[in-house]
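Structure record follows, encoded as structure tokens.
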Amino acid sequence: MVRFTARVAGLVQGVGFRDYVRTRGRRLGLVGSATNLPDGAVEVVAEGPEPACRDLLHLLMTGHTPGRTDRVEAVWQVAQSDLTDFRRK
């Protein structure tokens, strides 16, 4: 199990981006969150099996999301097992 935290910049607030991430994350069997940041970016935290996390990160990086993704910066960590669902914050 792994976790990644990604900062997604672009036109990602007010366009359904967080709902998209939550839905995709749940379909992949992940837990985590998608949170609006004050600078207009969205922070995505996802945890679960590495292949599923890589699939979600790939979706974020390819730009096939609501709005427009200009940049994705991700940091990988060991899973912390402190999350129970995928939430939109």
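Heads up, the Cβ atoms here are built off N, Cα and C, so glycines get one too.
Swiss-Prot lists ARG18, ASN36 with the feature active site. Among the features that Swiss-Prot reports, domain 'Acylphosphatase-like' is placed at 3-89, with the record citing sequence analysis.
On the backbone, the CA of ASN36 (active site) and the CA of ARG18 (active site) stand 8 Å apart. Residues belonging to the domain 'Acylphosphatase-like' (3-89) score a mean pLDDT of 96 in the model. DSSP states for the domain 'Acylphosphatase-like' (3-89), grouped as helix (H, G, I), strand (E, B) and coil, give 24 helix, 36 strand, 27 coil. Neighbour counts of Cβ atoms within 10 Å were taken for the active-site residues ARG18, ASN36; the minimum is at ASN36.
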